[in-house]
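For reference, the structure discussed in these notes is given below.
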Amino acid sequence: MLENWRVAAPQAASSLFAAAAASWASVAGGKVPQPYLDEFFHVPQAQKYCKGDYSWDPKITTPPGLYLVAKLFQPIFGCSTKVLRYQNVLAIILVFHTVLHILRLVREQVDPQWPTKDSIEVTNEEKTKRDPRVNLDGKTPVSNALSAVNISLLPPLFFFAALYYTDVMSTAAVLLSYQVFLHKKSPTGDIRNDLFTVLIGIVALFFRQTNIFWVAVFPAGLTVVQVLEKNESWKQMKERNPATIVQECWKTNTVYDSPVYHAGLLDVIMLVLTIAPAVLRKPLMILRSIASYIVLLVLFAGFVTWNGSVVLGDKSAHTATIHIPQMLYIWPYISLFSAPILLGPLYRIVSPFMPPQLKKVFSYTPPKQGPNLPELLPAALFIAGGLAAVHFNTIVHPYTLADNRHYVFYIFRILLRHPALKYTAVPVYYICAYLSIQALGSPPIEPKDTKPEIKTLPTDLSAKAKPCQASFVLVWLATTALSVVTAPLVEPRYFIIPWIIWRLHVPYLPFSFTIRGKQYSQDLRLIVETVWLLVINQVVQYLFLNRTFTWPSEPGKIQRFLW
């Protein structure tokens, strides 16, 4: 019966998630039937498109993808505010299913032996034959389904499933693009995959301009790393002189790329030093492998040249600038919404200082691989760079402090209460950054040997999985920087896609536990994460619906809190 539940888990999760999204949209529509905030621009623009009027509101900055979707469905459903909002309910359901599929692709990519829907019952049957008390669930459909629910419940994303904003459809388009990338059978790709890549990339660009980084730059960077031959003997090489390692990689035309949980600052430097020569030695192969992404970049450059700006409207208030502290703000963002996921790396740090009595509460021991504590030099460099960034480059956009309906308004009001506060926040940014990166590199946790007679049995299907590599983190960080550093305005919605890509690649970390004499292995963090995200969403939804207020300048007009 348990095996049947595992197979049915994705369908059950899909139904429950769809019901939750529809329920939230229904409640929000009942309380707030009229357009609110940015909907004042989006709803009328969509309704004009539905009538065949393609004139443009100069206050709208994003492309017309949202309104073209409304035009597409108009003959069937119409274009009322309620109908337009429910299109985002369909979009968030599409996000869920795309995330679920991507999770499967990511696990298959790193572990060809990952059990599929057809093989999961056989796999569990074989394992229980060896010992009926052991049942493994490290990477079964239950874990993937729960992860997909949690990713789709990201509060700044799920909230806007009930309103007519661009973010949900934009996210769905980017995730579909990433799914196409993961479907590549080889790094060099083929004509069919290239056509799909360009097509879905163009669709994503019709929703938001900064998607260019996630549909072109990000997959191009990952493709380059895949094309280059990696040195598989990094474990042996790590014990040797770094200069010798780099020279050997140059000689053999390979790349030094270590797992995240083994990677330090020196490993990242060696990765960069070995990638550059390898790229220069295979220029034609590299260009062929990223040709579709180059096409997207050329098309986007042509649009910017034709338009005279990245944004379509309100150009004076949305001029591109350099805003480096955005790369500091993302870390508490990740830590807030992923606090349960960071318990693993946090435990690795504090476990050496915990009393033995408290350690017994936990059913596992920290892995022996990788450093437990942050390295001093990277920490010093991060904090020094962060202090310089907040001192010389802190930008507080006029919109941020002009609108107390957004939560960012209250965050910056706290940070600006005293000149020293923005500096004291930098060490907090570092702690959040360290935990977030370490969560990507969590090696398998070995359960304590509570039953010696089953000691030889595996307890984690992910033990054979290839860990997240330093190259992925480097490409992800570079793409995130490109997508947010040029924005002067701090918006939680700008970090949605970086968070999702990060969360998709967080490895499972199963805990062992026993029910009715049978031992199971499940990532309990996922359950805690579900509860955590539901609580945040409930609080935000309650505040939006019930804690209303008015402005003296607009008496009688109800204002509401939102992201």
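The backbone N, Cα and C atoms fix where each Cβ goes, and this holds for glycine too.
Note: TrEMBL annotation is automatic and uncurated.
Per TrEMBL, the features are:
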type	residues	note
TRANSMEM	157-182	transmembrane segment
TRANSMEM	194-217	transmembrane segment
TRANSMEM	260-280	transmembrane segment
TRANSMEM	292-310	transmembrane segment
TRANSMEM	330-350	transmembrane segment
TRANSMEM	470-490	transmembrane segment
TRANSMEM	496-514	transmembrane segment
TRANSMEM	526-545	transmembrane segment
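Contact between the transmembrane segment (330-350) and the transmembrane segment (194-217) does not hold: fewer than three of their C-beta pairs are under 8 Å, each pair 6 or more apart in sequence.
Panel annotation: around the transmembrane segment (194-217), residues 62-66, 68, 166, 169-170, 173-174, 176-178, 180-181, 291-297, 299-300, 303, 310-311, 478-479, 482-484, 487, 494, 497, 501 of the same chain, lying at least six beyond its termini, place a Cβ under 8 Å from a Cβ of the stretch. Taking Cβ pairs closer than 8 Å, the transmembrane segment (157-182) reaches residues 21, 24-25, 27-29, 35-36, 38-39, 42-43, 46, 62, 65-66, 69, 81, 84-85, 87-89, 91-92, 94-95, 98-99, 101-102, 105-106, 109, 193, 196-197, 200-201, 203-204, 206-208, 211, 214-215, 218-219, 222-223, 493, 496-497, 500-501, 537, 540-541, 544, 562-563 in its own chain, all 6 or more past its ends.
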